[in-house]
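Visitor: These came from Swiss-Prot, pasted as-is:
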BINDING   88, 129, 130, 131, 161, 162, 189, 293, 370  thiamine diphosphate binding site
BINDING   160, 189  Mg(2+) binding site
């Protein structure tokens, strides 16, 4: 039965008789080998349908259908552990482990998580979302089961993009040191989100081009049939390459492959052989991102993720903040040849495609290597250049030591464009940018800005670039508020806030709202409603800078303020509001103050607006919080 190639995403649920009978992998394991091809085809059809209903990660899931079927067929899950790296390719896994009918709720409020989550299923052995953690976690499980004298098979499924991170090799090195019983499946599709880059990607390509196969015949096992690409090769009774030519063997792993990751029959043979071996083993499988859906095979970057196919397109939307960043980057680079741009494998997501094409010699995609990205920038700055690092807030966490030790400690001139700051909606807690104020504002020499709109974002990026030292601009996911973006760039006064509204009332009482970043315009809306409803004056301030704060403005406003309110799309603990609290305490400014922001909990996925409502950070929620606080200030019961 050949692989089916689909050209459209179905709007009606496909007929999937074999798949419908699988609510547990044990039922899959009761099928004949010959039925697995049909299971894989039904699974691929169902993923096409489900992704169209819910949106979400797409190409990676289509690419691991046969691999997932083979893994659950050969290994005794959940007792045997499957550890998925990153997890955006886990939809087939979720469908085969009792969540078939729920898969259309993925990424929705109260629905399935976008990634494997331990609280969701016993089959989700490790919670993921960030890259390159699977081998470390899997090694920990293997060593724990060895210690408990209850061994099991632990299989880590890792993409070639994830293997570019140092953590993966740290874990492999340690696995060899412990002679751990661990299987690493290298899912090689030459992609992370963008195309894989660097020496490791070239190494994998070299292995592939040699066309050698592993003949797992050392103990009389059946010969593994070759991938069609290699039918001209005779049988080989040796490993893919000599140890000197194979990085994995040089580290100390037994290496098998590369195999066709879409040949489910061969994969079953391979995994059944490997179960009989011990020690650290690596299976190299070659897959195609978007397999089985023609548009995704042709354009895997665009089809990394998709939206709901029936979602209303609406009218024209403002530019995304990532696009504002990308336009600024090109404009700034045209004026200053010292500008170099760095991204850790997020060229498209960070809005850098245009820059990469326009200035290819000044663009550095370092793969999934956030620590390296930050220190690479530090080294460039040491030579008098002005590097700009484009990075998601949640991923900068991985380079925190480098931010402190390699950049800030030396007061190096590095600009950080921090994307996806705040809540990120359907991607859930693993991708939320909830902590960057807290982890950056404690670092000496750092300047931190947050724009109220897309035009101010452009001006802040220019300001950060002009500043001679480490500076960060953090901006949210998605579109701006719709203001006109000025082509001319101006440098903002460092640490200077902006009063956006002074709403006067008949009473002498005043509330001051200190708003940061994405919450400024929403706080203004709430303030206007409060002033009109309660006849109380309200001053709304766009703070602009988290560090340095506009301390003088706070002092001046405190003389007339009866209640301070801080508002931010960031964790309350350690955030911008905490910085205001600390300053007021040091200055002995004794005024009532409330801090509005994200609670001390990990927030599960929903739409961005739903999450803001749940946190009380929409206009209605901010208004309600101000009203409650004002009642307390006036001791009204």
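Just so it is clear, glycine is given a Cβ too, placed from its N, Cα and C backbone atoms.
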Visitor: Please find which two of 88, 129, 130, 131, 161, 162, 189, 293, 370 have the most distant C-alpha atoms, given that the record lists them as binding thiamine diphosphate, and give only that distance in angstrom, rounded to a whole number.
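Guide: Of all Cα pairs among the recorded thiamine diphosphate binders, the widest measures 32 Å.
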Visitor: Can you tell which of 88, 130 has the most other C-beta atoms within 10 Å, given these are the binding-site residues?
Guide: 88
Visitor: Write out the long-range same-chain contacts of residue 370 (thiamine diphosphate binding site), meaning residues 6 or more apart in sequence whose Cβ is under 8 Å from its Cβ.
Guide: 344, 391, 395, 396, 398, 399
Visitor: Within 10 Å of the Cβ of residue 161 (thiamine diphosphate binding site), how many other Cβ atoms can be counted across all chains shown?
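Guide: The answer is 28.
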Visitor: Work out how many Å separate residue 88 (thiamine diphosphate binding site) and residue 160 (Mg(2+) binding site) at their Cα atoms, rounded off.
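Guide: So the Cα of residue 160 (Mg(2+) binding site) lies 14 Å away from that of residue 88 (thiamine diphosphate binding site).
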Visitor: What number of additional C-beta atoms lies within 10 angstroms of the C-beta atom of residue 189 (thiamine diphosphate binding site)?
Guide: 24
Visitor: At the level of the C-alpha atoms, what whole-angstrom distance separates residue 189 (thiamine diphosphate binding site) and residue 160 (Mg(2+) binding site)?
Guide: 7
Visitor: State the count of C-beta atoms found within 10 angstroms of the C-beta of residue 160 (Mg(2+) binding site), not counting that atom itself.
Guide: 23
Visitor: For residue 370 (thiamine diphosphate binding site), which of the three DSSP-derived states applies: helix, strand, or coil?
Guide: helix
Visitor: For residue 160 (Mg(2+) binding site) and residue 130 (thiamine diphosphate binding site), determine the Cα separation and express it in whole Å.
Guide: 14
Visitor: By the DSSP assignment reduced to helix, strand and coil, which category contains residue 160 (Mg(2+) binding site)?
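Guide: Coil, per DSSP.
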